[in-house]
Amino acid sequence: MAPRHRLRRCVYIGFTTTAWRQAFNQQASAPFRETNYEPEVFWVTPVRNRTTDAALFGIGISHQSNGRGAELSRC
């Protein structure tokens with residue numbers, strides 16, 4: 001494998017936001033019913049394993065939150 005094509009160990013970060021829209025019940029909550037946040041960090045490294053076809057191994061952690069406090073929190 002040429003040096004420019006070698007796989008390297010890498011740390012990745014990501015962030016996902018999901019907003020659930022509530023269009024038909026403006027008295028309860030408009031315009032969104034709930035907003036969810038999910039930051040994550042994961043580590044990926046190449047593996048050399050002849051028993052499987054896998055070329056990469058990764059492990060990560062994510063946190064899910066709805067951004068609310070006290071009893072409404074999902075933390």
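Note: Cβ is positioned from N, Cα and C throughout, glycine not excepted.
Now, the feature entries from TrEMBL:
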type     : residues            : note
ACT_SITE : His63               : active site, proton acceptor
ACT_SITE : Ser65               : active site, nucleophile
BINDING  : Ser29, Arg68, Ser73 : Ca(2+) binding site
Around the Cβ of Arg68 (Ca(2+) binding site), other Cβ atoms within 10 Å, all chains included, total 12
If you draw a 10 Å sphere on the Cβ of the residue listed as 'active site, proton acceptor', how many other Cβ atoms land inside? 11
If you draw a 10 Å sphere around the Cβ of Ser65 (active site, nucleophile), how many other Cβ atoms fall inside it, taking every protein chain shown into account? 13
